[in-house]
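Novice: Just passing along the structure, written as structure tokens.
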Amino acid sequence: MANNGALPDEPHKSFDTILTLDFGSQYTHLITRRLRELNVYSEMLPCTQKLEDLSWKPKGIILSGGPYSVYDNDAPHVDPAIFELGVPILGICYGLQEIAWHNGKNVVAGTEREFGHSELKAKRFDGHVDLLFKDLEDDLKPLYGIQFHPEVTHTPRGIKLLENFAVGICKAKQDWTMDKFVDKELARIRALVGEKGQVLGAVSGGVDSTVAAKLMHEAIGDRFHAVLVDNGCMRLNECEQVKKTLTEHLGINLTVVDASDLFLDGLKGITDNPEAKRKFIGGTFIDVFEAEALKIEKAAADSPKAGKIEFFLQGTLYPDVIESISFKGPSQTIKTHHNVGGLPERMMNGQGLKLIEPLRELFKDEVREMGRKLGIPHDLIMRHPFPGPGIAIRVLGEVTREQVAIARKADYIFIEEIKAAGLYDQISQAFAALLPVKAVGVMGDKRVHQQVISLRAVQTTDFMTANIFRFDWDFLERVSTRIVNEVDGVCRVEYDLTSKPPGTIEME
């Protein structure tokens, strides 16, 4: 994402850092996450990173796995200069082969692919184990390699292996804590914005925007202006709840704009193109937000505080950054991300605001931890994510007021039952979606032809991969019965059993 100078101070300037170089493995981000769980700061960069362009020296380097053979014509290779840096290097799967390839090319192409679980038993004799590649045995450089993934939860003691490398071998300090990060970020924001500068930001009531808004309010008080745009596709009573939470409980300066008619009227006729739906919602949101921003800017300029709005707050997280820098990269647009659309660019290019992204170095669990440090209530910290386009992308097909009302009520019942069963905090995200089909049912002793609700609930640590949540059948039957009885126009309820991948968490 474009940024013009308001980035957070890089944590690698303050914390010992393990650099992870990404070769395209679906697990690379987990290496960084696991290290941070050990209170060791880690950053991820693509494997094509040139050492001469790196302005800092890591305590150690991890080469990730990847879907290649080192002998493929298009196989990625690291800058050879990293092997002269003098820091320990750990190769994982493809990373191990990359180390061997750079140290004598002692890698033999396999004839079969091997996937899945395997058990490995190793016997130790007098502390010495023969090395897989003879050239590595004679090399005095601190090179290490393994042919399995310690970062995945299926690997017993995988975290201990990473700790042994990062702390035991690299001597990295375990000092990455949210207390320290919050203190540094508050000081940075105050210095950056100054005594009179003001900041504008969009909020939704979700965890990311709420934590970012609270952090900004802690730093500069009422000089932060939050805007909530009601697009007509929010959850039941959500606008009122968000307003009460942000203003009364967190003391944030909030403006609410009701643009529901504008959004819902404009969505008419968009039937089978989810990308067109997202782009319309995103573009309209930008127009509405920009118009309100101009009003706030004028009012701010005329206020006794006389500060100019110079910054735009964006709740970008580290997974968003990873998506943009990962080696495999975004080869195609699966769907426009609702958090990183064109609003920041419009605010910067159109109004000359500088982008400020205080959460861009953090994973979701770290954002929640920051929220706790800032005193945000538990129920808000653990609130399930809600997409910017709202229920509009949970109504598959054309979005109408009637369809939104059906999906909204079904979703409310589903979440209410989840909370009543004490399952809410165990689930990362759950919702009800309205499918673009009708099914035959029997209600009141007659056949009906009505709509179908699909329920979805997943567990994940980072939202980059996810598993379905396994409800018991009694729970699902209870939810289904309530929805069919209480939501007019619905005669059938189904549960989505698709993990991510191959599915995405949202339907559209």
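Glycine residues also receive a Cβ, built from the backbone N, Cα and C atoms like all the rest.
The annotation ATP binding site is assigned in TrEMBL to Ser204, Gly205, Gly206, Val207, Asp208, Ser209, Thr210. The domain 'GMPS ATP-PPase' annotation in TrEMBL covers 176-383.
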Novice: Take the mean position of the Cβ atoms of Ser204, Gly205, Gly206, Val207, Asp208, Ser209, Thr210, the recorded ATP site. Which other residues of that chain put their Cβ within 8 Å of it?
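Specialist: So the additional residues around the site are Val203, Val211, Ala212, Ala213, Gly315, Arg383, Phe386.
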Novice: Looking only at Cβ atoms, how many others are within 10 Å of the one on Gly205 (ATP binding site)?
Specialist: 20
Novice: Please classify the secondary structure at Gly206 (ATP binding site) using three-state DSSP.
Specialist: coil
Novice: Counting across all protein chains shown, how many other Cβ atoms sit within 10 Å of the Cβ of Asp208 (ATP binding site)?
Specialist: 22
Novice: Within the domain 'GMPS ATP-PPase' (176-383), what mean pLDDT does the predicted structure show?
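Specialist: Looking only at the domain 'GMPS ATP-PPase' (176-383), pLDDT averages out to 85.
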Novice: Do any residues at least six apart in sequence from Ser209 (ATP binding site), in the same chain, have a Cβ closer than 8 Å to its Cβ, and if so which, in order?
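Specialist: Spatial neighbours, sequence-distant, of Ser209 (ATP binding site): Gly201, Ala202, Val203, Gly315.
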Novice: Report the same-chain neighbours of Thr210 (ATP binding site): residues 6+ apart in sequence with Cβ closer than 8 Å to its Cβ, ordered by sequence.
Specialist: Val203, Thr245, Leu246, Leu250, Gly371, Ile376, Leu380
Novice: So if I draw a 10 Å sphere around the Cβ of Ser204 (ATP binding site), how many other Cβ atoms end up inside it?
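Specialist: Other Cβ atoms within 10 Å of Ser204 (ATP binding site): 23.
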